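Asker: Take a look at what TrEMBL says about it:
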- 1-40: region 'Disordered' (REGION)
- 8-18: compositional bias 'Polar residues' (COMPBIAS)
- 19-38: compositional bias 'Low complexity' (COMPBIAS)
- 82-87, Lys122, 138-139, 214-217, Lys235, 240-241: ITP binding site (BINDING)
- Glu110, Asp138: Mg(2+) binding site (BINDING)
Amino acid sequence: MNDPHQRQPASKPQANQRQQALSQFQSFPQPQQPAQQDLHQRLQRNPYQRNLVNQPQSFIPDIQDAVMPPASAVPKQLNFITGNKNKLAEVQAILDGVIELRNKNIDLVEIQGTVEEVVTDKCRRAAEAVNGPVLVEDTCLCFRAMNDLPGPYIKWFMLSLGPLQLHKMLDGFEDKTTQAVCTFAYSEGPDHEPVLFQGKTEGKLVASRGSTVFGWDSCFEYEGKTYAEMEKSEKNKISHRGKALEKLQEWLASRVDG
């Protein structure tokens with residue numbers, strides 16, 4: 001997969017086409033950081049770096065480093081920004097005993113970009129909105145046959161297709177390989193750089209099986225079972241969200257005030 005930050009030279013017709021395409025998206029909010037300082041560059045330049053990815057399996061580029069502030073305690077209560085009750089329940093179950101979550105449902109503007117850019121920007125906006133420590137999450141579903149689409153825009157595909165129709169997106173492709181990616185961002189508050197934690201699980205897209213109450217769980221199959229066919233405890237051990245929260249849990253546990 002090509003580096004999304006590496007620009008390739010374009011011919012004049014291609015440049016014109018790109019300019020026309022870009023003009024259609026001028027109304028979308030842009031990242032708060034200057035364009036020349038994209039996320040990858042900011043991470044490389046930051047003196048506090050920590051490797052967050054332990055697993056080589058991936059066809060989505062891993063986050064190699066994340067901005068890591070000096071070790072400091074986090075509050076015993078943390079604002080988790082989500083309006084999804086199922087997501088809240090999963091996160092609470094995995095982080096139980098580590099930190100108390102306070103749910104806040106805030107309608108945040110989401111930029112277009114990579115999942116890392118989206119969740120970082122969303123975390124900054126959330127920290128400003130609550131004027132305190134926050135945790136936000138963003139999820140991707142990436143089809144290898146479609147060059148990782150729909151990626152971070154899976155929510156909009158689900159709103160249009162629903163779990164019963166989603167698998168039809170790959171009807172014309174032999175390769176059903178799908179990767180689920182979950183990225184959490186934590187911020188101590190306004191003006192604090194978010195810390196990212198990412199988990200990934202590779203499976204395949206299938207026709208809906210099992211309960212359909214939680215997003216695309218019934219369409220994502222891992223080793224013969226869809227997420228919707230698994231017990232919650234079984235899913236949490238192998239899911240993209242469970243892997244990301246395991247990293248977050250370890251980090252929080254070492255910093256929560258006694």
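Glycine is treated like the rest: Cβ placed from N, Cα and C.
Heads up, TrEMBL stuff is auto-annotated, nobody curated it.
Because the structure is a prediction, the values reported are computed rather than measured.
Quick one: how deep are these features, and who are their neighbours?
Answerer: Taking a C-beta cut-off of under 8 angstroms and a sequence separation of 6 or more, Asn86 (ITP binding site) has the following same-chain neighbours: Val213, Phe214, Gly215.
Other C-beta atoms found within 10 angstroms of the C-beta of Glu110 (Mg(2+) binding site) number 17, with every protein chain shown included.
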Asker: What is the number of other Cβ atoms found within 10 Å of the Cβ of Asp138 (Mg(2+) binding site)?
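Answerer: The Cβ of Asp138 (Mg(2+) binding site) has 24 Cβ neighbours within 10 Å.
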Asker: Helix, strand or coil by DSSP: which one applies to Thr139 (ITP binding site)?
Answerer: strand
Asker: If you measure from the C-alpha of Asp138 (Mg(2+) binding site), which of the binding-site residues Asn84, Lys122, Asp217, His240 fall inside 10 Å?
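Answerer: Final answer, ordered: Lys122.
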Asker: Quick check on the binding-site residues Asn84, Thr139: which one has the highest count of other Cβ atoms within 10 Å of its Cβ?
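Answerer: Highest number of other Cβ atoms within 10 Å: Thr139.
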Asker: Hey, of Thr82, Asn84, Lys122, Thr139, Asp217, His240, which of those binding-site residues are within 10 Å of Glu110 (Mg(2+) binding site), Cα to Cα?
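Answerer: The binding-site residues passing the 10 Å Cα test are Lys122.
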Asker: Return the count of C-beta atoms lying within 10 angstroms of the C-beta of Thr82 (ITP binding site), excluding that atom itself.
Answerer: 17
